[in-house]
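Per TrEMBL, the feature active site, proton acceptor maps to His105. Per TrEMBL, NAD(+) binding site is recorded for 8-27, 87-90, 171-173, Ala212. Residues or ranges marked as substrate binding site in TrEMBL: Tyr52, Arg55. The Zn(2+) binding site annotation in TrEMBL covers Cys113, Cys116, Cys132, Cys135. Look at TrEMBL and you will find 1-226 tagged as domain 'Deacetylase sirtuin-type'.
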Amino acid sequence: MRIVVLTGAGISAESGLSTFRDADGLWEGHDPMQVATPEAYDDDPALVQRFYDERRAALSRVEPNAAHVALARLEAALGDDLLVVTQNVDDLHERAGSTRVHHIHGSLRSAWCTSCDERHLWDGPLADRPPCPGCGDRALRPDIVWFGEVPYGMDVVERALWSCEQFVSIGTSGAVYPAAAFVHWASGRTLELNLEPSMGASDFAESRQGPATHLVPVWVDEVLGDGGPNSS
Ligand code: APR
């Protein structure tokens, strides 16, 4: 793997999706512990479902921004030599044209049946407890990795990091593990692109500050102009 990119909420901020750790410590008006844990779901499934239904519906009101588009351009040039690992549950990477996106925290556009264990592409609400298209049970939950649950596909991510030439972290505060540790697992050069220095900024060989819609296209131009397939 030549390049591994990790993205967080900051890359989608300029598309209009709020980040998790805004100044007031709330996420869309909620304490994350009241909507993003298995315990919260057990206590009040309707509240949690409504919260994610709103997040899912909000996806249709936002568009990918220049940072998502730049990463899709990089994939078009590098193919298998790029892996985008995202903590985001939105679908803005895919809508920008990226196809190799690894959602370690799950996806809003997926519903998981806790009865038959099948996952289904999902665009509508879940709060009204629709039946699972597979087994018919009314046991669909958001396919989101909540606090205390195990992120998806870490074996794939670990292998990619161990062999990468470059690891780039974009728009993440570095507050949540295991993603915050990726910089330590990466074999290659490390770069952070973030609005402000993240908690782990000093662990990176280089840290650049600014909005993702500016920093990411500039970095992609650098990669493609420096030994990339588009360089002459
Ligand atoms: N461009 C670049 N970076 C930005 C921008 C922007 N326009 N706007 C905000 N940022 C940065 C912030 O400075 C912050 O460091 O993005 C980061 C967002 O951090 P968080 O809100 O903590 O989001 P993230 O790191 O993705 O959270 C990780 O925490 O709650 C869990 O599962 C949830 O996936 C999430 C995880």
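Placement of Cβ uses the backbone N, Cα and C atoms for every residue, glycine included.
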Around the Cβ of Cys116 (Zn(2+) binding site), the count of other Cβ atoms that are within 10 Å: 14
For the domain 'Deacetylase sirtuin-type' (1-226), the mean pLDDT of the predicted model: 95
Cβ-centroid neighbours of Zn(2+) site Cys113, Cys116, Cys132, Cys135, 8 Å, sequence order: Ser115, Asp117, Glu118, Pro133, Gly134, Gly136, Asp137, Ala139, Leu140
Where the C-beta lies under 6 angstroms from ligand 1, the matching binding-site residues among Ser12, Cys113, Cys116, Cys132, Gly171: Gly171
Nearest recorded site to Gly171 (NAD(+) binding site) by CA-CA distance, among binding-site residues Tyr52, Arg55, Cys113, Cys135: Arg55
Inter-residue C-alpha distance, Cys113 (Zn(2+) binding site) and Phe20 (NAD(+) binding site) (nearest angstrom): 26
Cα-Cα distance linking Cys116 (Zn(2+) binding site) and Phe20 (NAD(+) binding site), given in Å to the nearest integer: 31
Cys132 (Zn(2+) binding site) in three-state DSSP notation: coil
For Arg55 (substrate binding site): DSSP state (helix, strand, coil): helix
